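Note sheet for the following structure.
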Amino acid sequence: MAIAEHDNVFIFVPNLIGYARIVLALIAFWFMSTNYVISGWCYAISALLDAVDGHAARAFNQSTRFGAMLDQLTDRCGTTGLLVTLAYFYPRYMFWFQLSIAIDVACHWLYMQTSVIVGRVSHKVNDNFVMRIYYQKDVLTFMCCVNELFYICLYLLNFTYGPLIFGASLFKILAFLSAPFAVLKSLISIMHAYVAGVDLAAVDVRERQEKRQKEEVAVGGKKLE
């Protein structure tokens, strides 16, 4: 049966923005090691559109599970691509970039998967106090922006110091100011994994109890026979 145009999730406005983000990220990846102007602008615009697609989803009433997953995967892959390049530019700190990738991908994947398993309407809905604060619109936008700002500044510093303020590099200043928030975001990602682990374990316990009850009923039925 053909899908009505207004129900074609693949061409919803926020998802079209999502596709544009992917294209921009790919262009950024291609030029990342050679042309920081093209790469920097494409990556930054792709990251900023992360906020735009959310507004579009709410404005057009087009929030979907597909869109949420597309958004998450674009975020994870985009940041991973940049961190891989930073590990190449700054080999002395490769371990920390590798750790950042592992924390970001693993913790968010576990959290998203668990949200689906427990049947949440959105991964942003959670009873945990930290998660409730983190997923407030303004808080989430701020944390994502400063996190990306930190990595973008590190990237740009490999090529240029940028504008100088009282003799100090603007990119260095921004990197130092945003660094604590980047660390905080990684800690919150670990919190994502903890919360998801607790929720997933609760599902396991419930399923084991239900299985045990079914087995007891079955054994009881045989005894009556």
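For all residues, glycine too, the Cβ spot is worked out from N, Cα and C.
Taken verbatim from TrEMBL:
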| type | residues | note |
| --- | --- | --- |
| TRANSMEM | 9-30 | transmembrane segment |
| TRANSMEM | 96-118 | transmembrane segment |
| TRANSMEM | 139-158 | transmembrane segment |
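Residues 32, 36, 39-40, 43-44, 47, 50-51, 75, 79, 82-83, 85-86, 89-90, 124, 133, 169, 171-172, 174-175, 178-179, 181-182, 184-185, 188 of the same chain lie 6 or more positions beyond the ends of the transmembrane segment (139-158) yet place their CB under 8 Å from a CB of it. Packing against the transmembrane segment (9-30) from elsewhere in the chain are residues 38-40, 42-43, 45-46, 49-50, 52-54, 56-57, 60, 62-64, 66-67, 70-71, 74, 77-78, 81-82: each is 6 or more residues past its ends and has a CB under 8 Å from a CB in it.
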